[in-house]
Amino acid sequence: MLRKKDQMGDNHQNIQMKKHLQVTMNKIKHFPVLCWKTSKKVGAEDPRRIIHSLKVGLSLTLVSLLYLIQPLFEGIGSNALWAVMTVVVVLEFTAGATLCKGLNRGLGTVLAGSLAFFIEGVANRTGKVFRACFIGAAVFLIGSVATYMRFFPKIKKNYDYGVVIFLLTFNLITVSSYRVDNVLKIAHDRFYTIAIGCGVCLLMSLLIFPNWSGEELHNSTVLKLEGLAKSIEACVNEYFFDTEIDENKESCSGDQIYKGYKAVLDSKSTDETLALQASWEPRHSSHCYRIPWQQYVKLGGVLRHFGYTVVALHGCLQTEIQTPRSVRILFKDPCTRVAREVSKALIELANSIRNRRHCSPEILSDHLHEALQDLNKAIKSQPRLFLGSNKNQSRNMLALAAAEAGQKQNEKKRQSGVSLSSVKTDSSALMEWKTKRASEQSREAERKVLRTQLSKIAITSLEFSEALPFAAFASLLVETVAKLDIVIDEVEELGRIACFKEFKHGDDNDNDNDEEEHITVKCEKPKVNVTQNQLSSVSGAE
């Protein structure tokens, strides 16, 4: 019998191993196809990624010639590898990031080399023992001071990478000078190779298909405004959608809502990074020098506060208690019109930033005010939905009182049963303890069920609870209108500081459309996410 069980166990293990082996072989078989599809998808999302990859490959090839060509290698030697390291670390996706890291690296190397040669000149005039002590003290003092300076807000924000390079270069030159006689030549060679590497990176970033951080920040702000506009209108459309809409369209709408405000809520660090990198970029167009990049960061903060309201609006679609569709349909028209006008205003703001012009003076049309008035009238015309009837409330309150009375009665029975006690043997006491424990567990389960029922009774005892979810939805929709004024003020401030051109009728084709135009939510390919283009580099391998 045991042998038969062992054989059955072995057969089961063999079957499981065959299944795992088959799954592994299928994964290996489809791995090339998966890699090709992934590569094609990444390149289709943003073709600039392919260009950047080719630029990095070309830069590495150019600096490798210092090591591959014999005359160049004889002049520089093995220090040519520092140029390769510089290209790997410094060459970033945008020109601003490359300039920031390249100039920080060059400035840190020059300052560290100058200070190291000064300390070396002072230490050479002393004895060997005092020289070692002097070098150790200098390394401790400079390392401590430079590391403490990294905590200064301005240095941490703009020059942290340069301070790291300064520490690394200073320690390499100072410490190695104690054992190496020709440290000056090594430092010169490394400085030249680093300068060559930085020069190649700057050449590739600024002159060959450049990607500007300022343009990335500018375009991302436009996409955030458009995403919020689509999210708001999609929220309202889904809240009042008809029953015949299929599940695919509903899931597409929910995905569109989430993507619209997620890009806004996750943009704080990206906006600050792009604004910092854009401040390092040269004037590459006629309007670049006038653009205040920090104003884009401020506008991004306002859009995030606006996005919180959209998140709450989306949450109304997923609450446990929903207003019946027959009640919602009474307020469909004014709510849809309010969302449409808010979305149109956000789209107009996005177009004004895209075209670098002031927004239209008629951005808040009379139609928005009329829609708000109609929504207010519609709510006031249905007072019984929000006040409830005393008859239904009293009936449900009686049910609540009966449930509470039943709970109290069960509690009294439990207390009376516990109060009875007698002297029993050890075995009978153990059995009683087990029985009592089982009864307590059953009573706990009953209390949980009763508590859930009481919660539902307490909620349904108020008749206006059916209209309460819609009241929250309508309140948040009106809140978007209130916060829209703040967004408009920030966009106008951006246009004033950046000296955008004045608005003229006919500048934008969207302004020629009729008043009833609205945004259509479609399942389309998502826009480029600039956060995926920010590649982090290891700064320690210097």
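Glycine residues also receive a Cβ, built from the backbone N, Cα and C atoms like all the rest.
Among the features that TrEMBL reports, region 'Disordered' is placed at 403-423 (among others).
Per TrEMBL, region 'Disordered' is recorded for 505-524 (among others).
Summarising the annotation, TrEMBL assigns transmembrane segment to 50-69 (among others). Long-range contacts of the transmembrane segment (50-69) within the same chain, counting only residues at least 6 positions beyond its ends with a Cβ under 8 Å from a Cβ of the stretch, are 43, 76, 78, 80-81, 83-84, 86-88, 91, 93, 193, 196-197, 200-201, 204-205, 208-209, 211.
Taken from TrEMBL, the feature transmembrane segment covers 81-99 (among others).
Sequence annotations record features per position, and here TrEMBL assigns transmembrane segment to 129-149 (among others). Here the transmembrane segment (129-149) has Cβ contacts under 8 Å with residues 115, 119, 122-123, 155, 163, 166-167, 170-171, 174-175, 177-178 of the same chain, all six or more residues outside its ends.
For the transmembrane segment (161-179), the residues of the chain that approach it from at least six positions outside its boundaries are 100-101, 103-105, 107-109, 111-113, 115-117, 119-120, 123, 131-132, 135, 138-139, 142-143, 146-147, 149-150, 155, 186-187, 539, 542, judged by C-beta separation under 8 angstroms. The transmembrane segment feature in TrEMBL is assigned to 161-179 (among others).
The transmembrane segment annotation in TrEMBL covers 191-209 (among others).
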